[in-house]
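These notes concern the structure reproduced below.
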Amino acid sequence: MARAAPPALLLPLLGLAAATAAAAAAAAAVGCPSSTWVQFQDSCYIFLQEAIKVESIEDVRNQCTDHGADMVSIHNEEENTFILETLKKQWKGPDDILLGMFFDTDDASFKWFDKSNMTFDKWSDQEDGEDLVDTCAFLHTKTGEWKKGNCEVSSVEGTLCKAAIPYEKKYLSDNHILISALVIASTVILTVLGAVIWFLYKRNLDSGFTTVFSTAPQSPFNDDCVLVVAEENEYAVQFD
């Protein structure tokens, strides 16, 4: 007698297990585009170490936009320190890094190329009344201070780029621990539930086979009865 197929309930369980595994993979994949980027708070940073010849700061900026980013902007002391330490320890950058900043003559103020608000500065050479037309900013990696310089640079020894983590990715990343815990718990529950259902299914199946054998026709004579009858028949033949 062929055994029946596993109960249909196991198929949805397998589907749920596959879905939770896919959710775990998606949660693990969030963050920066690749391992060459470094994440800090809600942004990803990459230092393009190639030295290039340029005619203007726009050529430098294109290096970043080609990677889906923009030239770096800095908004607090913690971010400035992070960039400084990473340049020293990991990126091995030059003494001066061009920041993504320009002087807007329309309202006589410095602005970031990525259009974020100018909420922080660390100027080392702030002077009143200086001519700031075509002025850009550089981060001095030895001190962490900013200094002004001409935007019409002829070459750069590396470009520091920054990209914001999309809202969806940031939300998933912030809740990665919770998601992982839920995935693990769901997987354990599904595994235990599947094992219980499979055990009950096999037990019921084995009980069915036992019932079939127990209801099969039985001979009215057992082996001992057959042996006694045979001996009596043999004894009767000897006296005939």
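Cβ atoms here come from the backbone N, Cα and C positions, even for glycine.
Candidates considered were Cys136, Cys161; the recorded disulfide partner of Cys151 in Swiss-Prot is Cys136. Looking at the stretches 177-197, 219-239, the one that Swiss-Prot records under the feature transmembrane segment is 177-197. Each of the disulfide-bonded residues Cys136, Cys151 was scored by other CB atoms within 10 A of its CB, and the lowest score goes to Cys151. There are 9 other CB atoms within 10 A of the CB of Asn117 (N-linked glycosylation site), with all protein chains counted.
The average pLDDT computed over the topological domain 'Cytoplasmic' (198-240) stands at 57. In the three-state DSSP reading, Cys151 (disulfide bond) counts as coil.
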